[in-house]
Amino acid sequence: MSLEKLANIIFPDIKNTPKYYIEKYAKRKLRDGAKVTRYAPSPTGFQHIGGVFAALVNERLASQSGGVFYLRIEDTDQKREVEGAIEDTIQTMHNFGMDFNEGMTGKETSKGEYGPYRQSQRAEIYNTFAKDLVIKGLAYPCFCTAEELSALREKQTAEKTTPGYYGEYAKCRNLTPEEAIAKIEAGEEYILRLKSQGNTETRVEFHDLIKGDISFPENNQDIVLIKGDGLPTYHFAHAIDDALMGTTHVIRGEEWLSSLPIHVELFKLLGFERPQYAHIPTIMKNDNGSKRKLSKRKDAEAAVSYYKEVGYPAVSVIEYLLNIINSSFEGWREENPTLDYHEFPVHLDKMSKSGALFDIVKLSDISKNVISKMKADVVYDNYITWAKEFDEEMYKLVTANEKISKEIFNIDKEGPKPRKDFAKWDEVKDKIFYFFDELFYKETADQIQLPKTLTLEAAKEVIKVYMDKYNADASSQEEWFEDLKAIGLELGYCGNKKEYKANPDKYKGMISDVAGSVRVALSHRSNTPDIYTIMSILGKDKVKERFEKFLLI
Ligand code: GLU
């Protein structure tokens, strides 16, 4: 009776019982094997690539099984909340090809029968369960001040004992309801703690879908359930929300693994059926030979916005993350070059158990493949969308020259081995700038990149002759090359590598140097797609003009 009195004093407005909510949120009717998963970010405004990684695993497993993937906003730490973060999360996930079946759809809007999907709007639900725990003697108010708690920590450090609020150290645990009531009535501040029933001598056997079989001692910490601001801690909210929302699989970062004993106890004391758990590895970075967590402060690539800014297509990032999730993705992709990645079946048990290494070079390789398979029109559309936001000059140039730009993006695309020029859109300018006079003529002599075997003077000598003699109407690459070769031989260049090696002094160089001269005159670069194609796209007049101006450098 006195526990009930205490509960009523703590929660005077709570009239419902847990039963009300358990009945309100009916068990989901799902087909066999369907998984209900969720993405549960805090609205801090920072989208970490690890969030996309976690969301992707959740989304794939729900979608593959014909289940439900929902968005729950974990905003119980209201100090960290940032305006616009919920909308940004929804938009970001959408850009990465992930849409939610249920949950928040905007700052104040949601869809689905298991809401509210925002924790700050669920206080009454948490309080209902908390009140019930108080009545059952499984939760109690704790009046310890911050000073008392830090004194406790010091004492435990000195005694070299496990830190925390538990057992003999839990001062408020054994207050009688009357004593607690007297403190509340005297205006003392308090929080609500779990009265743990666990014993660290007893071990819990557990099966994690990624980590496999694990075991750990039972929880005995009287963790905080409801904080001073009336909102729950992550632990308490997790147990109640995932139970009432019918989550079948809690797939979350491995940083939560150490809290699992608490969650196991909470599910038990609340009388809930426990979901399955999968703890996904943290994304790590190789930093001078040692592995560390990808850091929001130190690593630009930790922020999702980075990928957009430098211009990795979202699908490249997703394919890269799938590759981390299941290393068999790479082989699958090779065997199925044209299939949509959604066709790839993700398996939790094939996931690496320990820290996943983030490798930007690998991401770029994957992205080059992805872009090389896009049609020129698609490359164009993607590029101008990116450039509009991040490179105004290129946006203007490319859109003003749409036809040529599409031809440029189509170079060597149609064949069986399409060129793999770009990994991200910010690399495009440097690789195609020479098609545009506005950029090409801005270059100074020191920016010209000559092949190792060629000097600027030698290249000019070639161009001086070539520009008057070459066949501007060659109708194929072969015809163009034969013409170039003939001019080169006349100029004293050698057409045969063996012969050249045997008598290098007899020649000015190889025919490849003649080609290199033409390439450099037209592009200022030693490495470009096929010169004949470049000349065809530039057109006769521009080619002539470039040769003339090259001689003036
Ligand atoms: N809000 C928690 C986080 O962002 C969610 C963890 C979970 O998925 O349960 O880490």
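Using N, Cα and C of the backbone, Cβ positions are placed for all residues, glycine too.
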Stated TrEMBL location of motif ''HIGH' region', expressed as one of 41-51, 74-84, 195-205: 41-51
Listed range which TrEMBL flags as motif ''KMSKS' region', given the options 13-17, 293-297, 538-542: 293-297
Distant-in-sequence Cβ neighbours of Lys296 (ATP binding site), under 8 Å, six or more positions away: Phe46, His48, Ala302, Ala303
DSSP-derived helix, strand and coil totals, residue by residue, for the motif ''HIGH' region' (41-51): 3 helix, 1 strand, 7 coil
Distal contacts, the motif ''KMSKS' region' (293-297) - CB-CB under 8 A, six or more residues away: 46, 48-50, 282-285, 303, 358
DSSP-assigned states of the motif ''KMSKS' region' (293-297) in counts, ordered helix, strand, coil: 0 helix, 1 strand, 4 coil
